[in-house]
Structures are given as structure tokens and as C-alpha cells.
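Feature list (source: Swiss-Prot):
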- H107, H111, Y127, D285: Fe cation binding site (BINDING)
- Y127, V128, S129, G130, G131, D159, G172, E176, N257: substrate binding site (BINDING)
Amino acid sequence: MIALGIEGTAHTLGIGIVTENKVLANVFDTLKTEKGGIHPKEAAEHHAKLLKPLLRKALEEAGVSMEDIDVIAFSQGPGLGPALRVVATAARALAIKYNKPIVGVNHCIAHVEITKMFGVKDPVGLYVSGGNTQVLALEGGRYRVFGETLDIGIGNALDVFARELGLGFPGGPKIEKLALKGEKYIELPYAVKGMDLSFSGLLTEAIRKYKSGKYRVEDLAYSFQETAFAALVEVTERALAHTEKEEVVLVGGVAANNRLREMLRIMAEDRGVKFFVPPYDLCRDNGAMIAYTGLRMYKAGIKFKLEETIVKQKFRTDEVEVVW
């Protein structure tokens with residue numbers, strides 16, 4: 001079976017075409033903004049403009065036509081309302097035109113589900129991106145969020161800090177590069193509250209220290225990463241201890257960070273659990289993960305009526321009963 005997936009929860013429009021065990025195409029285009037940050041209306045306009053050419057490109061790359069597609073999946077949420085609506089409308093139009101079944105997919109669940117294409121069975125997932133920071137795992141037939149940010153996502157925190165340092169957007173890779181030259185750890189607020197995280201205090205203090213002019217930016221970048229990532233690893237380790245699962249996966253755009261990968265790998269080795277990071281194009285927001293999750297849902301008998309395809313800006317992972 002072949003599934004087409006459309007992702008458009010934020011500033012990236014992605015279209016993926018997959019079978020049960022192979023990615024046939026995975027193309028995307030990301031809205032570039034001067035100062036970073038995303039305006040929902042601009043994201044929607046970007047997606048609307050690029051949907052047709054990107055769909056054409058995906059079909060060409062996969063070597064298939066719309067007639068060959070068995071099911072159409074789309075990112076139903078969580079995300080920016082205007083952007084989600086563009087994607088849902090396109091998915092509905094294609095489903096009606098080509099008489100195909102349609103499935104709405106939870107974006108956060110898809111990030112973890114795509115790892116199963118690579119043999120991962122039942123992991124704890126650390127999902128880190130601009131807008132999201134969650135530790136989630138399957139328990140009792142639903143993806144439960146064991147810990148999450150109480151304020152801003154880790155990717156957002158890195159971007160804002162980079163912007164304050166005059167590094168531009170996206171800031172994550174630039175902070176990572178700068179951190180490699182750090183020589184000294186500077187004390188910054190470490191906020192783990194129960195199983196949840198907070199990055200706003202860390203961000204505020206790091207900016208304050210930078211503006212004081214008393215610290216090397218390399219040391220601040222290094223200390224920012226070490227503090228934030230240690231908190232992420234701590235909460236992930238607690239979730240592993242609680243669930244007694246034997247696999248941990250790292251997904252989302254910030255999964256590109258080599259220091260975060262290294263810290264998680266060390267923790268996984270210490271606990272004797274398997275650690276996996278998908279190829280980067282399947283870590284970031286992408287259509288292939290939506291297609292793959294949608295295909296698994298469809299094969300398990302999940303079918304959506306058109307009126308059930310309404311977008312959900314605040315779509316929680318535990319709203320979805322996982323029967324696939």
C-alpha cells in the first residue's frame with residue numbers, strides 16, 4: 001500500500017509518499033523569515049502557494065501518480081490554525097477528486113511513529129522542536145505525555161538566545177557551533193519541576209549575563225546547552241524508569257544537535273537501553289512521518305468521515321486511541 005502525507009503545522013510544508021517500510025519521496029519547503037518567529041497568516045500563504053508544485057515534485061520523485069495512492073493523510077494538529085486549515089483543505093480536495101480515504105494524524109505522535117519504520121518497537125520519545133518539547137510514550141493504548149515544557153520549546157529558547165547574540169535565525173545550529181568553543185561552565189537556572197521543564201528563566205538569565213559584558217559568548221552558549229540538555233535528559237531518564245521501556249528515541253528539529261545526541265546516548269548506555277535517532281529529514285517536520293502514521297492507522301481500520309477532518313490547534317497526543 002502507498003500513502004501520501006501532507007505536513008503543515010508550522011513554517012514547513014512537507015509532502016511525503018511511503019509504503020509500509022520505505023520512503024518513496026519526502027520533499028519540503030520552509031518559510032524563511034528575517035527575524036525568526038512565525039506569523040500564522042504568512043505560513044498559511046506560503047503553504048497555499050507551494051502545495052501544487054511540491055505535490056508534483058513528490059509524485060515525480062516517488063514515480064507514482066495520484067491513482068496509485070491508497071490513502072491520504074494530513075497533519076490535523078497541533079499547530080497554527082491558518083496553516084493547518086490550508087493543509088486540511090488540500091487533503092480533503094484530493095480525497096474527493098481522486099476518491100481516496102482520508103486520515104487526520106497527530107503531528108507529535110507521527111514524530112515518534114516514524115521510528116518504527118526502522119525497527120523501533122515501543123520507545124520513550126524525546127520530541128524537541130521550536131514549539132514543542134515533550135517526553136512521550138505509549139501507555140494504556142494512548143501516547144501519554146510524561147513531561148513537557150511549561151513555557152517555551154527548547155528550539156524556540158535556542159533561537160531567541162541566538163537572536164539576542166546577533167547570530168540570526170535559525171539559532172540552534174549557531175549556538176551549537178559557538179558552544180564547541182566554550183571553556184568554562186557558567187551557573188544558569190536549572191528548572192525541572194516534577195516531570196516538567198521550564199526554559200524561560202534560563203533564557204532570561206543567559207541574556208542578562210550576556211548583556212552584562214562580563215562573560216565570553218562561547219562560554220554562555222556552552223553553559224546554555226549543557227543546562228537545558230541536562231534537564232531534558234533527566235526527564236527522559238525518569239520516564240524510562242517509570243515505564244520500564246527498553247528503547248529511547250530522539251525526534252524533532254533539535255535532534256540535529258550533536259551534543260544532545262551524545263548526552264542521551266550516554267544516559268541510554270548507562271541504563272542499558274537502545275537509543276535511536278532517525279535520519280534528519282525524518283526528524284524535522286516532514287510529510288513522510290504523516291504518511292507513515294496515516295498508513296498504519298488506515299490499515300488498522302481507522303477511517304475518517306469528511307466532517308471528522310476538522311483541524312485541532314491544541315490536539316493532545318492522549319486524545320488518540322492507538323489501535324494500530
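Glycine is no exception: its Cβ is also placed from the backbone N, Cα and C atoms.
Not measured: the values here are computed from a predicted model.
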For S129 (substrate binding site), nearby residues of its own chain (Cβ under 8 Å, 6 or more apart in sequence): G153, I154, G155, G252, G253, V254, R284, D285
Near-site residues: Fe cation, ref H107, H111, Y127, D285, CB cutoff 8 A to centroid: T9, C108, A110, S129, N132, V251, G252, M289
For G172 (substrate binding site): DSSP state (helix, strand, coil): helix
Binding-site residues: H107, H111, Y127, G131, D285 - member with fewest neighbouring CB atoms within 10 Å: G131
Integer Å distance between the CA atoms belonging to G172 (substrate binding site) and H107 (Fe cation binding site): 21
Rounded distance in angstrom between the Cα atoms of Y127 (Fe cation binding site) and N257 (substrate binding site): 13
List of residues, in chain order, with Cβ under 8 A from that of N257 (substrate binding site) and at least 6 apart: G172, E176, Q225, F229
Rounded Cα-Cα span from G131 (substrate binding site) to H111 (Fe cation binding site), Å: 14
